[in-house]
Ligand code: GAF
């Protein structure tokens, strides 16, 4: 695909580009904790987007989406949100660079890749991070990686309207081959955990459900968490976010909570605890316990945070019945997308066949599955 994208670039713009790449991500555990200043455990995967870029000595940004086969052109003197959906992720990044006084000169772009869109694998973060990384290199801005991550996240807030946390962009930029990243979303300190799993593989089962609810409900969840924090702050002034909350603090003031807000908060606090415990499991090599925590995470997302859907619940339930699976859960924002499954390497084919059959019978849809390999974050390709 890299070569095809570079070739397309030469065909359209008549010059040779530099190519960069940025990956999508999985998240092993720690869902909806990032914007609560908590912990997450993502990893970059071998589903990626490539960016062929070259300056064009004008003040125009010309873009071609390889996957959609669409072109667009924008005046860099007047960057604003566009009606062209896919272009907004790119324009959002340019706008952030300009806001920080980096001079983005005219450039040409062809971008495309193999991250399924809307599958919860962070294709949007990969687009944002890849362009931020590529422009930083192309124009020699010398911006630190963490600043690029924050710019990419802001692009999502301001040009896609999703008030996302920092996990996806961080994972796309900081991924490391065969490692998961335990990220403290408050301090932004991080630690790599070796995931060179001899006996297991990460298998993603894609429901292919793309709920339009996702972004509005996502922003609602954020508000519900903030409402919970506001109640607790009356009693615990040191509480800044759900990260600072313990389950017994919630229990003590339960009567003051709207029951829905209470369940949201309970989920987040429990999930934060689970990430820490799951990392301890990894250190001990206790994958059985790690898998159990994945199921517990799903149950919380399903019943308390209410961001799952029948297709995701069905797939997790099927996985639970398979002797080949250590743990499974929905992954990402929710309302569709993929489940993540830890599957015994010697039973991969059997697992995939069972899941495909069951999904077909239940929903009359051909299940898509991907075996995720863990790769490095955004980088130069050629
Ligand atoms: C989406 C968001 F972009 C992330 O920041 C994170 O909140 C995730 O949903 C849920 O854990 O991917």
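Note that Cβ sites are derived from N, Cα and C of the backbone, with glycine treated the same way.
Just so you know, TrEMBL annotations are computer predictions that nobody has curated.
Going by what TrEMBL states, the substrate site holds 31, 32, 33, 34, and the candidate of 193, 200, 218, 235 recorded there is 218. In the three-state DSSP scheme, residue 124 (Mg(2+) binding site) is classed as helix. Residue counts of the domain 'Galactokinase N-terminal' (7-55) by helix, strand and coil are 10 helix, 26 strand, 13 coil (DSSP-based).
Summarised by DSSP class, the composition of the domain 'GHMP kinase C-terminal' (281-359) is 47 helix, 15 strand, 17 coil. Cβ crowding, taken as the number of other Cβ atoms within 10 Å, peaks at 25 among the recorded positions 25, 32. Taking 25, 32, 124 as the candidate recorded positions, the subset whose CB lies under 6 angstroms from any atom of ligand 1 consists of 32. Residues 31, 32, 33, 34, 218, recorded as binding substrate, reach a greatest CA to CA spacing of 12 Å. Rounded to the nearest whole angstrom, the C-alpha distance between residue 168 (active site, proton acceptor) and residue 25 (site 'Transition state stabilizer') is 7.
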